[in-house]
Amino acid sequence: MNAKGVGAPAQTQELVEILERGAAPDLELDLELRKTLVVRAGCSIRVFVPIKGRPTPAVTWAKDDGPVPRAVIDSTESFTMLIIPESSRIDAGKYVLTLENASGKKSADIHVRVLDSPGPPLNLKPVKIDKDSITLQWEMPLIDGGARITNYVIEKRESTRKAFATVITKCNTTSVRIGDLGEGCEYYFRVSAENDYGIGEAVETPDPIRASQAPTPPESIIPTEITKNTVSLAWTKPKHDGGSRITGYVLEAQKKGTDQWAHVTTVKAMDFTVKNLNENEEYIFHVMAVNLSGRSAPRESKAIVLRDSNSLPEFDLRGICQKTIIAKAGEDIKVEIPVMGRPRPTVTWQKDGAMLKLTQRTNAESTAATTILSINECNRDDSGVYAMTGKNIVGSVTDNIIVKVHDVPGPPKGPLKIVEVSRTHCVITWDPPTNDGGVPINNYVVEIRDTTSQTWTELSTNVIRTIFKAVRLTTGSEYQFRVKAKNRYGVGPHITSESVVAAYPFKVPGPPGTPGVVDSMVLMWQVPRSDGGSPITSYHIERKDRAGLRWVKCNKRKVKDLQFKATVLVAGHDYEFRVFAENAAGLSVPSVSSPFYKATDGLYKPGPPSNPRILDTSRSSITVAWNKPVYDGGCDITGYIVETCVPTEKMEDEEWAIVTPKECLLATSFTIVNLKEGQDYKIKISAVNSEGIGEAVSVPDTVKAEDRLLAPEIDLDAELRKVISIRACCSLRLFVPIRGRPTPQAKWTKDDGERVDRATIDSTTSYTSLVIENVNRFDSGKYNLTIENSSGSKTVSVQVRVLDTPSAPQNLKITTVTKEAVTLTWEPPANEGGVKVKNYIVEKRESTRKAYTTVNALCHQTTFMVTPLLEGCNYYFRVLAENEYGIGLPIETSESVKVSEKPQPPGKITLKDVTKNSVTLSWEKPEHDGGSRVVVNAGDSFKIDADVHGKPLPSIHWVKDEQELEYSVTIHSPLGKATLPMLVQVLDSPGPPVNVKVLAVTRDSATLAWEPPENDGGDTVKAYHVEKREASKKAWVSVTSNCHALTYKVEDLQEGAVYYFRVIGENEHGLGVPQEAKAGTKITGNI
């Protein structure tokens, strides 16, 4: 066709068949699906696979060569999706996806591992059974829950109960022995496996298992009748049935001269007649008891010769140890003794030489092969010698057994004697019981009762001897005592004492004779006429001043003689005296008072002071000290006199001068002042009392008035020698006494000589102090004090530890960066705050935000990998140390870190054109750009800078690809062009979910399904919000805000009502756009 019109048509030479172009099925497995997909139990399994093919391929999902149970499968022409809600261990395995159309077929395997508790163990069975234990064995579970089996839990249940009880909680093997079972009881057992995710299902024994074993052999086997061709045998029951009922007995025989045992019979009775035996042959028989657990060991008979004969009676006492039966009082005694003899003997019983009296408690009877003695509820009177006599036509035989009945002992043999009494204790004695209960006495129990009360109180339960001392009694109270004996069977009856009063059996002594003064106030008196029945232990002397009203005790120590010197009396005063005598019962009444005596004798001048010494000297003074005189002359020292003189060649020329003040000097030291520098002096000291000046004592050698040099000394307190620990924000105070002459200079430094700038330092002649207010961690360290004068110097150190939060960690570095993780390393803080750092806190911050968020609050290493991070984003990181006093200062990365890595290699390379000197190539983008892209939050501005070079200056064109979110800049010049692509990722809330629909409706619920949003906002959708609205209302009501699957069942709906539903996606950047189901849904039943 042209401007003139339509021309003649042209026609194809051949026919063309119109067919749809076919394409083989294909699928794209996500990188995560190529690995093993790991899901926690209870979460949903969601497998989304894009597919393609023409015509649209048929989709088939299979698991372990079978259909996929419980799965929700949704397939379209572009994808297939498999969802298994609330997965469990049975959903683990290999899933096979098969696509098939007319152009071909393709399959892919997806391996799923569900992290869950394990399945039940296999083949649980008992492998060994005893009377009190059962050994179980099993195999490991078929499904381990995706984690290694770490333990097994074993439980048991008696067949008569419904509840299982845990027996073993820690078992690492597949077999175990369960002990402490009740013999003869039946039990069910079950075993559960345990892994890191919990305890799994249990496997249970299908039938109960009885705790039993083979019985013991029968007690005896006795021939009751012997003929030339037969033997009648009888036997007794086993002592123990093994925990299971005896079901029968097996009898076997052996002919003399052979080694073979022949089976005779299996019977339930306890006797049998063996027939068809050979006359004059010798046979041995044995019998075995049988229960559900097996046969007992055999009980063998004596050798039996087959002939017609008579024999004396015989008693088989081999089953009774030493022919003695021991029983506890109250128990039943039953003795079964085999009896032999032909013809069968009759048996009679005697006790202690007299015929046995048969009563309701005591009985004797005979069976075909035994005689039985029974005593019900035995007591001590049943003890004795029991004789049994067997008699037949051949003769009679008598044998004895001894029966001992043990019981609690009888009462101790009285009377209960009181052998000693005092005000606070009492001694009682008794004799051992006549009846000890058949066993030795272990101890005695002693009890006491105040006669004013009805309650008995135990004084001791472990008295070994037959004497006891009761202490801590109340004087004057009346008591009773009782004693009980105790053996291994318990405590016997008691005996009681007569009443006794806690008091001495004697009296206080009489008064001493009237005291008299014989010389220098020395008193003498006569012994009392009566000592009260107890020896006199001491005397007490008292005095009374004529001018006073009160008697005063004279002696501080015990006086045992009949004389005493009265001291500390006031001269010129008149005194009278009296005396008390004392024995164990107490003090007597006082003696008749003595006449008044005047205290005038025995006063003298004092002796010389002792230990005179020089304390200090200076250029103008001398300090002297002394001790009190050994002898004060009989009265108080009223003062001291100090004298000095300048020494001369002749002693008679020396002039002594009193240097103490006129009023008395009461102190025992004195500083002599106004002396001549460099002059030597003699010094003497005298004591003074009411009688005058005593003898003087001289200070050794002469003393020169000169300055005494003392090297510096530091009196460091014991607490300062330890490490001083102080809490932050408190005040540190170091107070140190010092001395030295001349006065030393004090200097405080810290650690290696640093100045202490924050400290307040105060120094005097006698001390120096350092005060730091409001201390912090930086005040920790060693504080050095140095004092120095012309005589030398001295240094001490005080270690201070401030208990504070730690300082910042050191050397924070980025060691590894990947597309989703950053690895940090650091060093511990230089100052740990006085205690060990217990953990570190790692935080991150996106470069576009101001607030940090905690990544790990309990990091115990100095390295940590921060993951997951958003690919392409820039982050800052910081680390803080923590001790028991809190979180310390942070260390922060100085620059932001971009989460990216090197890009993958380009895709397929295609050769487009070839000339003789050039090749034109094209290639596909890498599958991953390493994360180096521009990432920006929705609503923010961003700027892309690109350096452009070229001559002449090229023209610039920007292009944006809407599908790939890729910006590219292209520059043109006459010499060519260049293009630079740049990917921009905008982080936003997700778009609306796709294809929201109602799958099923019941009378009160509706099940919704949907597909993920086409635009996830640049971040993973972490949850879906489901909302509902009744047709008659306008407000939407939230149903759930935490749905992680692509389906949800909305419950509690009103039947007959019409509802609208909508679904909203949510990611890290907020809620997305809601998507509503196309139409309202009426709740009427299944659709």
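FYI, residue positions are counted from 1 along the chain as it appears here.
Just so you know, glycine gets a Cβ as well, placed from its N, Cα and C.
As given in TrEMBL:
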{"type": "DOMAIN", "residues": "25-113", "note": "domain 'Ig-like'"}
{"type": "DOMAIN", "residues": "120-214", "note": "domain 'Fibronectin type-III'"}
{"type": "DOMAIN", "residues": "217-309", "note": "domain 'Fibronectin type-III'"}
{"type": "DOMAIN", "residues": "313-386", "note": "domain 'Ig-like'"}
{"type": "DOMAIN", "residues": "412-505", "note": "domain 'Fibronectin type-III'"}
{"type": "DOMAIN", "residues": "508-602", "note": "domain 'Fibronectin type-III'"}
{"type": "DOMAIN", "residues": "608-708", "note": "domain 'Fibronectin type-III'"}
{"type": "DOMAIN", "residues": "712-797", "note": "domain 'Ig-like'"}
{"type": "DOMAIN", "residues": "808-902", "note": "domain 'Fibronectin type-III'"}
{"type": "DOMAIN", "residues": "992-1087", "note": "domain 'Fibronectin type-III'"}
CB contact flag for the domain 'Ig-like' (25-113) and the domain 'Fibronectin type-III' (217-309), at least three pairs under 8 A: no
Overall pLDDT for the domain 'Fibronectin type-III' (508-602), taken as the rounded mean: 87
For the domain 'Ig-like' (25-113), the number of residues DSSP places in helix, strand and coil: 7 helix, 53 strand, 29 coil
Secondary structure tally of the domain 'Fibronectin type-III' (508-602) (DSSP, helix then strand then coil): 0 helix, 35 strand, 60 coil
